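K.L.:
Would you mind keeping the following structure in view while I ask a few things?
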């Protein structure tokens, strides 16, 4: 749509027609969809010549003359529209500004922004502006830039138009009844339109247009609604294709669309390609973009925001392209092609564009209409570009439109808005006084639907209406709303639908529209396809992935006092809704339950929106749909066996949640302990501020005379994501927090055991300190005499940790566990893979917006509210029981025998059993939700141990427990897709036909509610009645152990009758398979050797027919370490004769026929840390559990993975398994990265120990590579360096009474980590040493060349330069540096460590090490040029087979002897040069070892440095004292042990002559300590070892200096010091 659409506004006014004049029929071209014409129903208009000229019949068109204006008015709107209430907007909008006013403001602001961007990019051109208005209201601003530096012509126009529409157009658009004769319909239109033609052929032309149209109701059509719609688009028309430009343009358009609806971009992109089509050329005008028109089937506020977003995205999509292409060189050929393409542009605008043609034919403002045309264009006769040329590529793209951005390329963009269904929402409908809401629901006459209004289901398959009890409906014409007097309908009819009993209502035939009257409050509805109807009796499938959560967010800032220290942070209150609200008035109404959201590492306060929106929606719609599956309960260890049985959840929540969010500026709290502490302090303040805000709001309402009721909230529920969960726990034990200000904490993917990046000492110590205080907080306070004083400080706190499962790579479930921190009676951890109604593993950020999880968490928190007080329950155990009931799946409790055979689920017994045990209180099916037993057909008696149900046949199956459960088959299992109560019921009978006097209700126990829900994949559909379908996947499992059925004789399985609607079959097949079996017969074990062998070749196993329904696969290696790809293929299904040739029957049997007979297998993987992982429709899956086995803190139970495999016993399967090497490698690095870091430091310490030992034994100092290689030798060095620390850790576990890990696997994994760490250190040493050698060789080479060049320089210049250099080097500042550079480096490094950041101080220490290494190696290389004999001796030693460290020792002895015979002062001899080179090489090896060690230390402070850099400019805070002290120790180590001769100190052991503490022993102890720190997943503790050595070295240097001053220096020189 071009500028003419809005620049040719019309005013339709009736005129008298000249009947005597002949009538020339003229059919107008297609009206632009900007106007509400239905072109198909519009009749030709008659053009007649009258007294005043030519007129259209029956309505003439008169155009008001434009009036030029000198100044831009503030608005072109009429007074009645500017700032008044807009009745055309949707009813729930209470904005004080009309949509007309807001749209006009938007387009004028967009015009200013676009013009400013165009002028800036042009570099000199300025827009010419024309302002005009019309007497009847409205006007416009036209701006044109012509012959600029970049643009040939650029026009940006806005216009606001008032006019009158002919009545025929209104009736055609609205399908009004024939007896209604409305008069002329007033309308309003506004829009912005722009076309930009650049000069450079490689810079594309851009067109965009956004508009809004609205009508007033005709005066004669009483009750007719207003109409409105939006239109517009942005498209690109280049002359040459640059794919990166086109993709960028389309990506920006897609991003704007995806914020509102992911379907917008593909839909509007296709619409754009179809609209800009030049029919006579058979090609498109350009490369498209987006285009939409007549858009009014969404929320009006949403479309206004969408149009604004599109207008705002124009310049970001276009200006970067112009900047890249505006200066591209071009030729005349390029310019000619550009003008040819502009000829196509002119053709489309003048021939096909509806706005331009309409404006030209109706006399609009011609300058505004033709502003879209370029200055120059070109037409050549029969021009065809050469095939394969750049011109041809563009033409081909115009003929065959391309998908520049795939329609589903951005699945993880979280939209900010939710598309409203294309039908009126109930909360938008007028209230029909005094008691009903009216809903007009348009339906397709050919597509059956179920209309679901919360809990009301209406089936609407065809085109007539019949009324049955359960709903009140009346037939209405399409798209009409008629006021209904609710007094004319009896309340008895309304109450015929009983929502409490959730009864079903059927309307078998209905009109296109059904009007439903609902009593009371607004209720949500949705369309359900007919195929999903049967899911009331069949289970619902799960989604393959997370579903997006959509919302309409508003964030209300909460003011903070001016004296707050952390003023950079903020606090916001979330509000859900489109309409603008007064923040102060909203805060006055604050009366819900406060919930504070704490974002995590680098998170935003806006991440609260998903939880807050779903909480708002849950409060509006009420509880989740009730099911009759078994529900989880607290275990005996959790102290809640009898508590949760009495818990009943309300159908309507008594109070809403007020979600607050703290703005922590996106700081990286996972990387720095100081940031974490500041966040904790601010959260404590926000908790107090929230509670005070409720008091302020209540006082404000009371001061205005409003009624106040209820108690003020005394506590805040904390919900934290990532590090925000730990901040929540840290805030609870903060000394300034008010007592009982927090009682409930929910964490999402939050680390509790240790930080995910445990490298900074202060961060690790802060975690350990908080956890230690939590452990003490659950201990009761007693006096010294042992008497009870008070409850534990944290006895009222409940903590729930929700993990994302195996897909959360940032925080593993092991870190999210509460074991050892929170006792089971006060909290638990649950994985999203085992969470009810979720069953998914999700990424670290996805846990915040995954709709399945967000909905469950929202309803859970709402369920904590007491209906009597309107506040969360104070009883801790009750809150914990609600969390268990709402979040946990009972699957683990029901199938405990898999992992712990000695334990069984809750048992049921006959009330008349001999043992006298009472019947367990299992809830039976309510009478109003299940079918009557009288409706069942004849009973079936099962004679085999396996029972199969293939359809809902309305029969009851009897299974004799004594006969079928003999021969050890004492367990019974049933899998089905039938829903309990609605589809199937299960009972236990003591004896069929028992003549006992006890009533049947006491003799028969219903166990239907013991069915456990499991996720199921999508079910196959039945295409037509009588056709066979594939077997559906099971959605529930039912399990009975021998103790459960003790005292009973029969099990009955009653299946509901088949539901039919209008003769249709059930939409999905039904299945149930049950079996008596012996679990011990089908326990299949897999040894570690088999699993390791499967990594090279896949292993197979055949399961023949008549196998067990439940197979228990025990893998002795955890799938958390070795993920296994498990596949199941049907190898047979009992079909002996398929009627096909022998060559074909086998393939058919294994494919299509078996799918009709065998239900899809299900695998349930068990892990002690993360719980169950369920894989429905298992065919080939890589099974991974989120466990961390073989850690020092792991128990032996975590080493195994148990898989319960549910497979059809009628079918044979080929089971294949293989370890996935790539998945295993990635899991290994993910799980054991902390261990590898700790081991790496230990390896460097061991290498330094080898160097120190060589010096102490008067041997040459080996290189770091030699030292690392020597420590890896078997048996002794490797055993002492790798095996001894592991055994030492087990000994420490024994002393601390900690559980032992599995010894073999723990040893293997630890040694594997040690080998990986050795490889990492070897590569690091090799690369650094190579860099030093290359730099030294280059340095020596250029130095030699420089010396040769200096000989030819004049002596005068040389003397001048030497004198100048001497005066500079002997200045006071550098004199100190030259005298003691180590001291200066140490002072500077310590200053940075204490006052700036530890990483910077350590970096300065690294620079000092690197310079020393470089100087030493350069000296060695210089000396090596003068020691040819040494090189010859080296060659001879190699030829004698001496290698490694022994070769270096041999070389040292030879050179020492040669040097001693030469004399001390003979430095010019080859021997002395060789001795000096050896000395420099030893210095290099020594400092290189220190460099590697301190490089690792600096790297460990790297994450903290990143967080520190983010905070620059936001306020400076000094590093933590602990970090500074430890880094000072590291610096002292680097300074005090900087020379090899310093690499020796001794402390005599008292009473042990000849025994001294030497540096090599200190390095060995430091290595052992670092090794143990790695095993404990606490690598930050290695700084304690580094600092300890530094402090010891510094202390010894001080003692040595004091002794030197006293003359008591002890000689510690070597036999061959090589000092010259």
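The backbone N, Cα and C atoms fix where each Cβ goes, and this holds for glycine too.
Small disclaimer: the values here were computed from a predicted structure and weren't measured.
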K.L.:
Choose the correct range: of 1200-1225, 1382-1407, 1408-1433, 1434-1459, which one does TrEMBL annotate as transmembrane segment? Give that range.
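P.N.:
Matching range for transmembrane segment: 1382-1407.
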K.L.:
Transmembrane segment per TrEMBL: which of the ranges 1564-1581, 1582-1599 is that?
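P.N.:
In TrEMBL, the transmembrane segment feature sits at 1582-1599.
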K.L.:
To which of the residue ranges 1164-1185, 1252-1273, 1274-1295 does TrEMBL assign the term transmembrane segment?
P.N.:
1274-1295
K.L.:
Quick check on the annotations: TrEMBL lists transmembrane segment for one of 1109-1128, 1129-1148, 1469-1488. Which range is it?
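P.N.:
Matching range for transmembrane segment: 1109-1128.
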K.L.:
Apart from its near flanks, which chain residues at least 6 from the ends of the transmembrane segment (1489-1512) lie with a Cβ under 8 angstroms of it?
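P.N.:
Same-chain residues near the transmembrane segment (1489-1512) but 6 or more away: 666-672, 675, 757, 759-760, 763, 1237, 1240-1241, 1244-1245, 1247-1248, 1251, 1264, 1267, 1321, 1324-1325, 1328, 1397-1400, 1402-1403, 1405-1406, 1409-1410, 1413, 1523, 1527, 1530, 1533-1534, 1537-1538, 1579-1580, 1582-1583, 1586.
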K.L.:
For the transmembrane segment (1229-1249), could you work out the same-chain residues 6 or more beyond its ends whose Cβ comes under 8 Å from its Cβ atoms?
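P.N.:
Contacts with the transmembrane segment (1229-1249): 758-759, 809, 812, 1120-1121, 1188, 1191, 1264, 1267-1268, 1271, 1281, 1285, 1309-1310, 1313-1314, 1316-1318, 1320-1321, 1489-1490, 1492-1493, 1496, 1500, 1560-1561, 1563-1564, 1566-1568, 1570-1571, 1573-1579, 1581-1582, 1585.
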K.L.:
If we skip the immediate neighbours and take only residues 6+ beyond the ends of the transmembrane segment (1109-1128), which ones have a Cβ under 8 Å from one of its Cβ atoms?
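P.N.:
For the transmembrane segment (1109-1128), the far contacts come to 806, 898, 946, 973, 975, 1073-1075, 1077, 1079, 1082-1088, 1091, 1094, 1103, 1161, 1163, 1165, 1167, 1169, 1178-1190, 1198-1209, 1213-1220, 1223-1224, 1227-1228, 1231, 1305, 1309.
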K.L.:
For the transmembrane segment (1382-1407), find every same-chain residue at least 6 residues outside the stretch whose CB is under 8 Å from a CB in it, and list them.
P.N.:
1376, 1491, 1494-1495, 1497-1498, 1501-1502, 1504-1505, 1508, 1518-1519, 1523-1524, 1527-1528, 1530-1532, 1534-1535, 1538
K.L.:
Looking only at residues six or more beyond either end of the transmembrane segment (1300-1317), which have a C-beta under 8 A from one in the stretch?
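P.N.:
For the transmembrane segment (1300-1317), the list is 1088, 1117, 1121, 1189-1196, 1199, 1228, 1232, 1235-1237, 1239-1240, 1242-1243, 1282-1283, 1286, 1290, 1293-1294, 1574-1575.
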K.L.:
At a C-beta cut-off of under 8 Å, are there same-chain residues at least 6 beyond the transmembrane segment (1582-1599) that contact it? List them, or none.
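P.N.:
Distal contacts: 761, 1238, 1241-1242, 1245, 1493, 1497, 1500, 1525-1534, 1536-1537, 1542, 1545, 1547, 1559, 1562-1563, 1565-1567, 1569-1570, 1573.
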